[in-house]
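To start, the structure under review is shown below, and the notes come after it.
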Amino acid sequence: MKLNCSHYFLFLILSQFQFPFLAVSYRDYVDALSKSILFFEGQRSGFLPADQRLTWRGNSGLGDGWTVGADLTGGYYDAGDNVKFNFPMAFTTTMLAWSVVEFGELMPPAELRNALVAIRWSTDYLLKTVSQVPNRIFVQVGDPIKDHNCWERPEDMDTARTVYTVDAPNPASDVAGETAAALAASSIAFRSSDPGYAETLLRTSTKVFEFADTYRGAYSDNSNIRDGVCPFYCDFDGFQASMHPFTNITILRCWSYMTEPSILLDELLWGAAWLRRASNDNSYLNYLQNNGKTLGADDNINEFGWDNKHAGLNVLVSKEVLESSIYSLQSYRASADSFMCTLIPESSSYHIEFTPGGLIHRPGGSNLQHATTISFILLVYANYLEKSSQHVNCGEVSIAPSRLRQIAQRQVNYILGENPKGMSYMVGYSNVYPQRIHHRGSSIPSTKDHPQSIGCKEGSVYFNSSGPNPNVLVGAVVGGPDEDDAYEDDRVDFRKSEPTTYINAPFVGVLAYFVANPNFS
């Protein structure tokens, strides 16, 4: 069951009476922010520092890149596996950096430092992956098929650490464009604390963007890449189904809402927008003006995530229209308004679906990625609108920034426990949270508790265990409940129980806003 417009509006008014568990005690935004950032330490690959706080993790992937004569250590594992997929990692980095750019000043100083550390763990790795530009970029480390056939700790990895590369003139606009965006956004985040590093990030970003724009096309178009990235993180039209190698169930991980080939190049506009924001260079402004239609900026794509940047792109570029009156970019602002109107029950274009408990729901899987990314751009757009004293134009109704914040806060509170199950979907937050998440390192005893190696298939006993995970991946936000608010704490059901870096990254910014504005209305 899903809510229509009238049902959702009624829910917003009466939710406090419908669910007795809706209590302010769930709203410790400071604690949630701290834990959402801490999660990234559990996803680290490489040699861990002395101040590693999730001490059940150890060093891993120390030989990454040796097969191609490069140092590709570091970075993050994307989810509950041990593969470094650069496409979602770069998006994760962009969103962490955007969180700091927009909301960093609202974070407690210690958490701002932790957020910058989390960003740098990724940008240091991403700089290595593009060190051979303009000739080559590295787009992934680890054979996902072999990795997913095993259930083992990253510290014990003995599967192939295959390095996937794209050599010019072969295309990689999606990964390279997102990497350019990540480096440019991060350059802004580091500008005040480490200007030298910020300059390195920005300078590298311009080179990576040139590679992305010169050799247009998806990285999965390359025959040597396709089998390694699809169906996991390839940029293509429609849904792609395959068998999840470890559980023998169908996986829909490369979900997408693309209908036109131009959308494959949304990362080019996204990268250009971030380079414009970071450099104030008019050449990127011209790029956005001249390539918007060609690259699909006018397409009404109501989605934002690692595979589709349009809603986020339109919000980002709208800042130029709202605050600098650059009306040649008005079409981006119009598209941003259009997306916001799909979330407003009072609007005639409202069509985003909500669960009976009030959670944004999109088809596919790992639903909370939609709730966190959409909440993030709701808050960012609300800030842009408020600063310029404007509202969202939904035709017959005009929507104030506070309305966007209201929708975002409802999503946050749902995730933290104000939902029909009374469960926090952030691990380690509140008293009730998922105990059996789909995560190799969390579900297998740590090397400190079990120093002996646990091989590829030896981990099956832990995968199939009905007991809770021995290592708490604090701060991890899981995929979340289904369209009826149902959630079974089941390690096998990876669509619901697997955390990902790109669920958490935008949530960092969202939580930072509510730390400073818990009662904004």
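Cβ coordinates are placed from backbone N, Cα and C, and glycine is handled just like the others.
Here is what TrEMBL records for this protein:
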type	residues	note
ACT_SITE	H438	active site
ACT_SITE	D489	active site
ACT_SITE	E498	active site
DOMAIN	29-511	domain 'Glycoside hydrolase family 9'
SIGNAL	1-25	signal peptide
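Taking only the Cα positions, the spacing between E498 (active site) and H438 (active site) is 5 angstrom.
In this structure, the CA atom of H438 (active site) is 10 Å away from the CA atom of D489 (active site). Each of the active-site residues D489, E498 was scored by the number of other CB atoms within 10 A of its CB, and the lowest score belongs to D489. In this view, H438 (active site) is surrounded by 26 other Cβ atoms within 10 Å of its Cβ, with every protein chain counted. Mean model confidence for the domain 'Glycoside hydrolase family 9' (29-511) is a pLDDT of 92.
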